[in-house]
Structures are given as C-alpha cells and as structure tokens.
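Quick one: the structure is below, and I'll ask about it shortly.
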Amino acid sequence: MRGARALAGIAAITLLATTGCSTSEPTTEAGTDPSDVTLTLYNAQHVDLAEAMVKDFTAQTGIKVQLRNGKDFELANQIVAEGAASPADVFITENSPAMSLVAAKSGFATVDPDTQRQVPARFTPPDKSWVGFAARQTVFVYNPSLLPAAQLPTSLLDLAKPEWKGRYGIAAAGADFQAIVSAVLALQGPEQTSAWLTGLKTNAKIYPGNGAILKAVNAGEIPAGVIYHYYWYKDRAESGANSSKTELHLFDAKDPGAFLSVSGAGVLKSSKHPKEAQQLVAYLTGAKGQQILSDSTALEYSIASDVPANAKLKPLSELSPPDVDLSRLNGPEVIALMQKAGLL
Amino acid sequence: MTVTSLARRWGARTSGYPVAVAVTAAAVAALTLIPLGYVAWFAVGEGWHAAYQQLVRPRVGELLWNTARLAVAAMTASAVLGTAAAWLTERTDLPGRRVWHVLLAVPLAVPAFVNSFGWVSLSPAVEGYGGAVLVVTLSYYPLVYLPAAATLRGLDPALEDTARALGLSPTRVFLRVVVPQLRPAILGGTLLVGLHLLAEFGALQMLRFPTFTTAIYDQYQATFNGPTATMLGSVLVVACLLLLVAELRLRGRVRHARLGPGSARRATPVRLGRRAPVALTAVAGIVVLALGVPLASLAYWLVTGTSTRFPVADLTAATVTTLGLGVAGAAVTVTLALPVAWLTARRPGRTSTAIERASYFGSALPGIIVALALITVCIRHVPALYQTTAMLLAAYAILFMPRAVVSLRAALAHAPPHLDDAARALGSGPLTVAVRVTLPLIAPGIGAGAALVFLAITTELTSTLLLAPIGTATLATQFWANSDAVAYGGAAPYAALMVILSAPMAYLLTQTTGRIR
Amino acid sequence: MTDLTITALAKSYPDQNVLDGVDLEVPASTLTAVLGPSGCGKTTLLRLVAGFDRPDSGTITIGPSTVTGDGSWIPAHRRQIGYVAQEGSLFPHLTVAANISFGLPRRERRNQIRLAELLDLVGLDPALRTRYPHQLSGGQQQRVALARALAPKPRVVLLDEPFSALDTALREGTRRAVVAALTATGTTTILVTHDQAEALSLANQVAVMRHGQLIQTGTPTDLYRRPADLELAGFLGSTVILPATITDTIAQTVLGAVPVRRPCPGGSDSVMIRPEQLALAPPEPGAPAAHVTAVTFYGPDAVVDLKLPGTTTITARVPSHQAPEVGTETGVTVHGTATAYPSRVEHLRPAGAHST
C-alpha cells in the first residue's frame, strides 16, 4: 500500500514535470535568420546515418533540424493522416514506395531545379516531386556449403521452379520485394507474373526481414535468400558473425532480381519553411551530404553529385538494374497479384 | 432500520453522484473507442465490395486460422500454467515458495520481443506455431498467475477443509472447489492474455508466425494502402468482441465473494512429499524457460555483441524519460480507469458492462492503427495537443486501459460497499468517501494496475515513435534505433535497462496483489 | 455406531499453542463438547481428528480403525468424517442442492429423495434447494452445512464453533435443529465451542480444555456441580465462594452449615456454591442475614447483590418475583451441597460473569 501511494506521488510529480517540459519546448516561428529556423525531418532512414548528415547540414547552414524517426510505412501513413497540418518539412525514406504514397496523398513541393540536376534522372520520378539520395541493391545471398556456385540462379524467375522448393528465403512484405514483382510484371505480363508468384508461395520460406534471412543462411537453416546488399556488407564490416559463411550473388543484368531500390527525399507541400527545407534536400543530394553517406557504415550507395560509392561496394556503374518507373512501384495490380498468390 | 439501509436510501436520493461518475466513465470509454471508430470509418469508406474482396480470400482464412489456434493454445496454456503455479506457491509446502512467487511473476518484466529474440537465437526450431505458443505463453502467463495467486491467498481455507472432509482427494478439491472460486481471476487474466495476443507483433514477427496483426503491418509496409490494412483491423475488432463476450458468458452471474469473514487462519499447505522434487523441477523449469533464456541471451549480447557500446548519457536520458512516461502514463491510465471500474463494481448493469467492455478494444488493435487513429483525430480537433506528452499519455491510456480496469475492478469487488454507505451516513460527501474510504481500501489494486500499465509503457514502441514530442527518446525507441535485426549488440543495453526498470514493478505486483483480499 | 478414541495426542507449532497429551473417549452416538477459551488448542484438536493436520504423536481411533498413530496416517478425505466450520463455509458458487450433494458419489447427486430427506432432517424448506448461499440467513446456512456434512453418512461429525457467528435469535433454533438431526441419525459428534451454556445444554459429555490439556471430562451436571478447580467453576458459571471450616462432610460458613460433596484432598478452607442455590426470605432472628445492595432484573429471574456481615459480598439468583428491595435486609439459606477448594480467601468476590 505504501508502494502504491509512493507511486501515485511520483506519478503526479512526473506528470507535472513532463507536461511542463513539452509545453516549454521552443516552437518554431518563420523567420528570416536561418539560425532561428528549426526544420522537422520525418526520418525513415537509418537513424545514425540521418543524424550524421543532419549534423553536418546544421554546421554548414545554421539551420537546426529535429528528427522524428520511424519506418517508411509508419511515417508515410502518419504524414497522410496529418494532412495539411503535418509538422513535417522534409521526409526521407529507405525505399521509394513511401515517397509515392505521400506524393499521391499529401503532396510534395517540386524539388528545386538545381537539386534535380544533382541526381541522375533514373533515381527521380518523372514529376520531380522528390529525388533519390541513396540506393540499395537486391542480391542473392547463399551458403556455399549448401548451394554450390554452379547451381546459382541466373534469374529471379528461376526461383519459381520446382527444384527450388524450400531452398531460399524472401521477405515478401518488404518494399523491395514488391519492387521486384513490379519489375517482373513490367517485363512478363500479369499471367506469367501470377504463375511465378504462385511458385514463390510454394517454394519460398517467408522471413520477417533481410536480417533474419541473412542470419538463417549463415546458420545453414536455408541455403539462400533474397536480400539487400548492405546487410551483408555491414555484417562483414563489423564481425561477420552472421555472414562469414555466406557469399553474394548478383542476378543477371536487367533481370528483375537486379533491382536497385531508391531512398527518397522530398519537401512537403505543407512545409512552413519551404526555403530551408529545399536547402536540406539540396544538401542531402549534394557533394557534402553524399560524401557522408558514402563514408558511413550504412554502406548504402551514394547516387548523386557523382560521389563514388563506398570502396567496399561493387561500383554503381557495374550494376545493371532493370528499368522500372519509380512512381509505379507497388501499384494496385502488383498488390492484387501478390494477394491472389497468398503472399500478402 | 439499520444504519446501512438508511445510508442506502440516502445514497439512492443523491443520484447525482453515480451520474457524475457515469458521465466520466462514458467519456473515458469514448476515448478508448477512437481506434474502433477509425477502423469502422475506413471499413465503411472502402465500401462493401472492396471489404468483401479484401476480407474473403484464402490468405485471410490462413491468418484467421493462425490467430485463432495461437490464441486458443496460448490462452489455455497460460491459464493452466498460471493456475497450477499459483496453487503450488500458495497452497503447498513447496520449498522456497516466497522466492518462487517473485520469480514466477518477474517474466512480466521481460518484453515479449526480447523473450522471442532469446529463443530464436537459442534455436531456430522455435520458429512457427509451436514456438509461438511456447514463447507467447512464457511471456504472458504471469497475467493469469498473479490474480490467481492473489485470489487463492484470499480464499477461505475452510472451504477446502470442508471439501476434504466430504471425501475429496486434494486433486478433486482443487478442481471442484478451488478452480470454480478462481474462475473470475483466471478468466480475467486469460482475457488479458488474449487481448495482448491479438495485438502482439514484435515477438510473433521474429518467430515467423503470421497472424492478423503481423499481416496488418505487412499490408502497411508492402502496399502503403492504409485503408485496406485498417480494414483488416476490423477482423481483430470482431475477434476482440468474441473474447469479451466469451469471458462475460463464462464468468456468469454466480457470486464468488466469500460469504462471511470466514476463518483468519492460513490454509494448511498440501504436503507434496515425494512429489516435491517434481513440483520444484516444474517451477524451476518455468522460471528457466521464461526468464533464464531471454536473460542469458541478453547477457550474451551485452558481453560479446560486437557493436555493444555504452553511451552512458544516452542510456541515462532514455531511462529517465521512460521512467517519467511510465509513471505519468500509469497515473493517467489508472485515474481514467477508476470511474469505469467503479461503475462496473458498484452499479452493475448493461450500461456499465458496455462501458467497461468498450475500454478493451484499444488494446486488441495493432499499435500502428491506434496511433494513426489518434493522429487523425487529434490533428483535426485538438491540434494544440498534437505530439505533446499529453497526447502520448492519452494513447497509453487507450492501449493499456484494460490492465488498470481489471486490477481496479477486482479490488473494488473486494472492498465492501457498505463501508462507503457507512461513511456517507456519517456525513461524508462523495468525494470525501472516495478519498478517505474507497481509495485507501483499493490502494493495492491501484498499485497493481499502475504497475501493469507501467510495464506495458516501458516497452511500447509504435505510439511513442509517432506521437511523442519530437526528440523524445525512450528505452524502446532507442532499442529499435540501435537494432538492425541482425545484431542486437548496440540495442542490448537498452533491453537490459527495460528489464531492470521493470523488475521492481513486477516485484511490486507480487506484493500488492497479495494484499487484495 | 462408531466411537472415537484419542490417546496421548500432542502437537506443537513454532509459535502457537501446543496440544499436550490429550486423552478423550467419545462414546458412539453421543455428542461431546470440547469447551475452552479461544487459543486453548480445541480447534487444533478438531483439525487433528479431521485429518487436516498431523499430530507430533498420539493415536486417534475411529471405530475399529486407527486413523492416526502407530505409524499410520489417513488423510482427511478417507476418514469418513463430517465437518462444519464456523460459518458453514458453503461453496458460494453452488446452490443449496449442489452444496448438500457435493460429497455424494456422482450418480447419487441427482437423487431428489435423498436431498429432500436431508433438508427435512435439518428442518429446511425444500423450496430453498435452488437458492445460492448468499440468499440464505446465517442459521439456514449452518443447517445446509450440517445437511451437507451428514449426506455421505459420516462415521463422526466435527462441529467447529458452528453457532458462534449467529445472532441470539437464530442461535437457539439452529442449535436445536442441529442436535435433533444428529440425534435422529445417531451420529457420533464432537462440538468445539467457547460458550459454556452451549456445551452444557447440547452435550452428553463435556471436555474442558485449557493450555493444550484436557482438565476435566464429564457429564454437564458433573462439571457444573463439581468443577475441578475454582477457575473452571468460574468459567462454567457464576460462583459464590465462602470461607469455611470443614469437618467431615460439613462446612461451617457465614451462611451456616453446608454439606460438602467431596472432601478436598490436602485440606481446604473455602467452598463454592452456585448463586441459584441461595434462597432469600425475610430475615429471621439468629439466622444468617445480608444487606441487599443491588438487584438486576432478567425477566424470569433476578440477580441480587448481597453484602454479608464483614466485607464479603455475594450474589444470589432467585425467581424474579422473590427478589427483595434494594436497601433491605434479607435472610439467606443455602440449598443443596457445596464443593470444597483450597483456600482463596483473599479474593472473595463473585467470580465469572453472570450466565445468560
């Protein structure tokens, strides 16, 4: 009983303290002096990467940036739910579908032309509502002791064949995977795609994420899996505890499996500080921002301002991804096909 | 005419008192129904055809089957495990039962996803249905164990003596006398387990066992099709409704409170004799599985995790924030739960039941749906509160209200109402009665409810990420930011702190629930 | 028809009363009351007989079988006993009918005839069978509890203060119904109580317990008239204690010569009589007389406080119509015999409470 009373007491004090804190927090007013402006960045990228880039941005410009962290789908849906009242100025993601959702529902301000010029066209949607600032490569990770290199698939389409039953893992719900399906659909048409997906449903072991697949392949639970490149490189760079027994394999050029997923950055239409927000996006795709990205342990591909990718990675120029319209990833047709196959 | 009946008549005339409480309770229920309204709104907005297409397909059937069999198995297992363990610590001469009592409750302090991670790193064989039942049961059985143990302690041992004298063996005494008496406690605890299961995401995702909630996250993640995913939530709403009705039915109308003061004597412990080693092994087994495995895994990551760092300042800040939010959230939730529980216990009826049951829905829905519902409502109607601590606390209240209501309802049911009447006959106003009589009487229930809510807040992630004032870092958000799903080294210190922060609360629960008579 | 024998029963708890070498015979088909103040060990004795607890040593025999002792211990549920606790301990989740048939084999639980018999036995309206315990009065609850205990035809029934929670109005009727049922079934019974009137009025045999030992066992009359010591005398009822000089079987007291039932071994200088043995009449010269200091009216009878010559005060219990006026002088005569005890002269005052 004494415990309960004490608890209630602490509660009352803390309640006062915490609400007091939140109300006394500095609220941002539009001002001419950039040092007065605090941008709100809804960040779905790796937190440490975003923090490093933003820190340098503030040092360069004097514009402060506060981060709200979350996953692509969480923050994108949050922005949509917030509508015009969204406190977010800039949104950055890991994959492009979240950008497409916000572009369609809430709207981005068109990216400054100077910024557009920093990013190759293939990493930007046609309407220039946002720009790509990083990319990740789809790869086939395998355990050579379970899967001899001679048996490696040349195309992702092979994985629907009966001989692959139970031999590889996919993260079907991951954004990249739908991108792959989009690519298959664009290249093969709905009927073939549907048959291929049915094969996948039969053959593949579904994992919750890339990390889990990598771990399982390394542990020999399953011979191979479809993941993003940087999980493997990161683990190799740290300890190799989850990758030392695995190798990477790239699908053939232009194969849907060679897909390159784009991380986007965009300025929200509702932003109260559009000028500063555009500056942030310009920075993220500029030489300084890209260099920080390239140097970071995130090991994602830098794609803008001609900054070369991290030396540990296979150079971007050697990759040959299929041609997929970024704004059409995760279209309703893709989802319908995946639902029909029972993957979603 | 006795003092009590006089007071009751007087109480009936001052009808303003229950009305004020009823209005407050209804307001609280309305708050907790926000997510439900959000789901309904989207389901209607999508239209019948779209809803049919989304809901009637093989994958939904598969998920429904998975969710149902997991819920049935884990709820049954939790009920059996929790009740059996409570009987062993409360009614037998099990060596060291006071220590076991605490150890059996402490798994509450281990977040389900940490437990899950511990098991997955031990052996990938736990992935899938069997593993999901195992891990979820080990994480949630204390929700049955604690109320069952508390009720057992308060049960008049003369009932058991009488049954033994009537020729019943100890086993049959347990089944025919003790279990029926424990029914409300077991059912209430099992209901909480069921609600948590419906909303559980992290643990099941790691165990690769898809249920409705993991599928809803998948939908959001894959399709960015909020309305469709939200509509899948309506299936969870129906599941929750089924659970609530089932619990109500099973609880029945039969009165279970003891008739008189009974004997003050403690129950004579059942002698385990040669069965003692078996019982000890069983209890130790539960503790090892529920506590040993996740803690060993945490320790492993702390010691050998290559990315383990100890950013002392960050850890301290996150701990302080978590503690503050946990305590404030517990206080707010318990305060809001009080009128609801009071109404259920003191003015039973259809309206009270409806209000009480309404407060359960928020906890059966995935965190992402609750958070998006709150965002939608808050930013349109009370933009000043958007992403403030107050809003976050409201979210916690919606998510964890049942934990508080269940504890308070039990405490109120055992605090004799005629004491309230007597105090009012002595000239105390309703507020004075509440402060001087009712609240002190149910203080253990308040403590228990607050502790349960605190435990839940410590590990809450989604709502905290989306709704907290910008820059808020809790142990859960830091854990998330530092875990890349391959290595938990950097995240391990945060998980360890969650457990350390929660352990005293679990201990408090073993103490306060014992005093609810 | 089963008798019960307890021999040299002992039990100790770390911090509780001990049971220290208890011997008791309960003849078949009789009711023995174990009487004593709370904490004397009587409930422990009952629980040992029931088999709820194990004694440290001693034996208990029910009929032909030794249930405790000689290295054997039969648990409660195999002793064929009936047990009624202080507040009945009816199962709150079961109806009256389900409570009563609780201890019967499964196929007999639906036997309405047996149920009706049992309800009739304890004098309950058959219409109560569908009620739940909280819908019954305390007296009805106790009757249901007894019916439940008797249903499986136990060899011995154990009653643990079954009437103490009832208010006076219910208590008498409930007691009578319970004893009638027990007599009708010829059940061997042990009743544990702290109420001496209850013990004296209901039992065939009363065993008085103090500090874990039985200090006297006998018929109610025996005990009341010849209690083993003055403390017990006071416990069983009000007393009048007079200094006396005893020769052979006659005690010389301020109230004249009184026959003594049995001489006190080792000599004695006081006698105990009961207040109702005193008769009051208008004073006669030469006969013992007393000053009336107070009169308490109880309806049928009255208690009269008297001051004897010197400092001695005593009480008399007389039919109320014979009670004298306060302040008057009255003559006092002793009827019947007295019991002699070792001297307690310094503490001559009415011991014990007036019994109701």
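Heads up, the Cβ atoms here are built off N, Cα and C, so glycines get one too.
Sharing the record's features from TrEMBL:
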- B:64-247: domain 'ABC transmembrane type-1' (DOMAIN)
- B:319-509: domain 'ABC transmembrane type-1' (DOMAIN)
- B:20-43: transmembrane segment (TRANSMEM)
- B:63-88: transmembrane segment (TRANSMEM)
- B:100-122: transmembrane segment (TRANSMEM)
- B:128-146: transmembrane segment (TRANSMEM)
- B:185-207: transmembrane segment (TRANSMEM)
- B:227-246: transmembrane segment (TRANSMEM)
- B:278-303: transmembrane segment (TRANSMEM)
- B:323-343: transmembrane segment (TRANSMEM)
- B:364-383: transmembrane segment (TRANSMEM)
- B:389-412: transmembrane segment (TRANSMEM)
- B:433-457: transmembrane segment (TRANSMEM)
- B:485-509: transmembrane segment (TRANSMEM)
Please identify the stretch among B:128-146, B:185-207, B:227-246, B:323-343, B:433-457 with the greatest number of Cβ pairs below 8 Å relative to the transmembrane segment (B:364-383).
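The stretch with the most close Cβ contacts to the transmembrane segment (B:364-383) is B:227-246.
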Can you work out whether the transmembrane segment (B:485-509) touches the transmembrane segment (B:100-122), with the criterion being 3+ CB pairs under 8 Å where the paired residues are 6 or more apart along the chain?
yes
So which of B:100-122, B:128-146, B:227-246, B:433-457 has the most C-beta pairs under 8 Å when paired with the transmembrane segment (B:323-343)?
B:433-457
Cβ under 8 Å to the transmembrane segment (B:100-122), counting only same-chain residues 6 or more beyond its ends: which ones?
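Cβ under 8 Å, 6 or more out: 85, 88-90, 94, 131, 134-136, 138-143, 145-146, 149, 196, 200, 202-204, 206-207, 283, 286-287, 290-291, 293-298, 300, 452, 455, 458-459, 488, 495, 498-499, 502-503, 505-507, 509-510.
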What residues in the same chain, six or more past the boundaries of the transmembrane segment (B:20-43), come closer than 8 Å to it by Cβ-Cβ distance?
51, 226-227, 230-231, 233-234, 237, 336-337, 339-340, 342-343, 347, 351-352, 354-356, 358-362, 365, 369-370, 372-374, 376-377, 394, 397-398, 401, 430
